Amino acid sequence: MVSSNQALLISPSIPYGEIAVPPSKSHSLRAILFASLSKGTSIIENCLFSPDSQTMLTACEKMGAHVRRIGDSLHIQGNPDPHHCHPPYFHMGNSGIALRFLTALSTLSPTPTLITGSHTLKRRPIAPLLSSLKQLGAHIRQKTSSSIPFTIHGPLSPGHVTISGQDSQYASALAITAALAPYPLSFSIENLKERPWFDLTLDWLHSLNISFLRDQDSLTFPGGQSLESFSYSVPGDYSSAAFLASFGLLSSSSKPTILRNLPSQDSQGDKLLFSLLKQLGAHILIEKHHIEMHPSSFSGGEIDMDPFIDALPILAVLCCFAKNPSRLYNALGAKDKESNRIEAIAHELQKMGGSVHPTRDGLYIEPSRLHGAVVDSHNDHRIAMALAVAGVHASSGQTLLCNTQCINKSFPHFVIAAQTLHANVRHYQADFPLRSSFCR
């Protein structure tokens, strides 16, 4: 695990090997939430334990769930009627999913709940979701119209609302709330982005026997439904797998990199990234439960980022090694993640010699030889791991990557995984705090 006083020192190396991909963050958080709202005891195997998972677990315990951890599994006795023991506040840490999902669920209770979180969470948009909840009757008091903190409570009124699709979590939050509401609710999504991630939420609801009608991007929930307990094993995280895959894809080794625990039928959005790379010429074998990467060259091109917008940082790194220029577009939502990922990855790769330029909704990237440099994560786990891949495949020089504690958000054992694949990534303990001015 990466601690707050450490950076990473990265040297050019030749990765290869075989490894199990860590559990999916998106599935883990949904599994915890749904188990906590179900009748009976649910068992979640192979759960990801990270700061976001702990945020969700703490919130669910406040709603009356009883949680036992046994090894890498969770036994959760749910509270199917959390409306009558709703907590006075939720601290969302730095979790965008917890912020959006629990904000919406709070409107099922008539008791006001304070929604707050870390300073960095204030940059995550919430206004479009609040606007739709207000139209359904939610009572909201806030100091600013765009961020935490605020208080919110219901009840909502039966009806129909239109919600922004600029971030798929808004629609997912409303779908989960409508699924559990005691009255009918329906909504239409305007210009849905990140569609695979919304579909992932609907897949969960369908698997838990929640009934709803869907007409393209309009959904109707009849009301009065509840969740039953379940057993579930969390699959590997395709988003995290993208970084491990990139170690192998860009390697000069003659040996493949094999990533296990990646079921091919899973609905995670970033799974589509691997199909894209195959289309661009990468030598990738997608099997039923694993993916095999062979070092290979590939083309750049015009790439619509919407299906896998979280992959923008690592795809920017990969495109530096493509045979021709690339334009990543339709990625406006990347500006509102843990960092402005468009600006952040361009700025840091430019330090390494990359020809990476922000555009209105993405990046323009020309093939470049990268070199080692002092770079910064911008406190964003995906920026950090993408830069680690860039450092491993730099043509010369070491890379000092600062502020790497953020990696714990989705991949606490990233350094161990990189080393397992023979990537020269190691902890660097500075004798002094690595200030932003030094790293940037």
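Including glycine, each Cβ sits where the backbone N, Cα and C put it.
Among the features that Swiss-Prot reports, active site, proton acceptor is placed at Asp310, with the record citing sequence analysis. Shown in sequence order, Ser239, Gly269, Asp270, Lys337, Arg382 are the residues of the chain, 6+ apart in sequence, with a C-beta less than 8 angstroms from the C-beta of Asp310 (active site, proton acceptor).
According to Swiss-Prot, the 3-phosphoshikimate binding site annotation covers Lys25, Ser26, Arg30, Ser168, Gln169, Asp310, Lys337, on the basis of sequence analysis. Arg30 (3-phosphoshikimate binding site) falls within a helical segment according to DSSP.
Among the features that Swiss-Prot reports, phosphoenolpyruvate binding site is placed at Lys25, Gly96, Arg124, Gln169, Arg341, Arg382, Lys409, with the record citing sequence analysis. Here Lys25 (3-phosphoshikimate binding site) comes close to Leu48, Ser50, Asp52, Ser53, Asp237, Ser239, Ser240, Lys409, Ser410: these same-chain residues lie at least six apart in sequence, with C-beta atoms under 8 angstroms from its C-beta.
Taken residue by residue with DSSP, Lys25 (3-phosphoshikimate binding site) is part of a helix.
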